[in-house]
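Please read the structure below before turning to the comments.
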């Protein structure tokens, strides 16, 4: 148990509030806009001081957001993928500052570190449910696309080896396009896109390769007209609506599981409270002082932990509550009967005392009683 639960709850309310979300989205958008202005050298020269101050403010906001979320839940924070994305972006943000301190301002790769700062805009994914749903849908499509790409790579590998031995002969081959595997893969990719394939075919025919036309036609038919068409059909034929339905179904299952866990937790708390009430009833039966139901419930509240809710509504429909309530009513009835007996005994004793008094004192006593 944490000792700062109130502060933790306050920070959690802040980080999950709508105002905090609006502030973060505005900050990320403003930062992206300033980075666009930074690419213009004239604007950078005029507003250099403004850009420096704004950069400090943006980094401070991002760091504060990370610190607040990590403070709320330092263990579960690392279990979510989008939180890990935020951590990665925080690391990227501090890379230029580290390189500047270690290597200096004129480090060769410092511009690369400045360029990857454009990844800051990815923080919008954390605050947009629509983008997260779309990314999940695209992730489902990747499996199908990857299968088609692997098959396409196998086709290119076969034709690359074949083309190397047919057209990459050192003495009379086309070394500029078929001399090595890296150039062959680039050539085959150009043939697959049907971009400038006639020029490549002309180069092959200059070297008098007989099978060059058959090789080019077969590869273009397989790569362009079959595999690329299958690739497009797979993407267009995949129903995105079913993908979004699948995402919604997953979210519904998660909500249902969370509700089930909350219900199980409630039942566990109720069972513990019932055991506590039963234990206190057993203790009360051995005590001479009677307690009402309110005192019993107050003592039960004191025995609970700070994070446990008081499940008192379910007691009203349980046999345990009815038994407790009836036993307390029985004790109250017994107390009333004892008071009535005590009252009768008191009046009887007073009557006997009046009989023993003389007639004069008895009349005076009766007058005083009448006056009262």
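Glycine too: its Cβ is placed from the backbone N, Cα and C atoms.
Annotation comment: TrEMBL describes 18-233 as domain 'Ion transport'. What TrEMBL records for 19-38, 80-99, 141-166, 178-198, 210-233 is transmembrane segment.
Taken together, the residues of the domain 'Ion transport' (18-233) have an average pLDDT of 84.
Contact between the transmembrane segment (210-233) and the transmembrane segment (141-166) is supported by 3 or more Cβ pairs under 8 Å, counting only residues 6 or more apart in sequence.
Within the chain carrying the transmembrane segment (178-198), a Cβ under 8 angstroms from the stretch's Cβ atoms is held by residues 152, 156, 159-160, 163-164, 166-168, 216, 219-220, 223-224, 227-228, all 6 or more beyond its ends.
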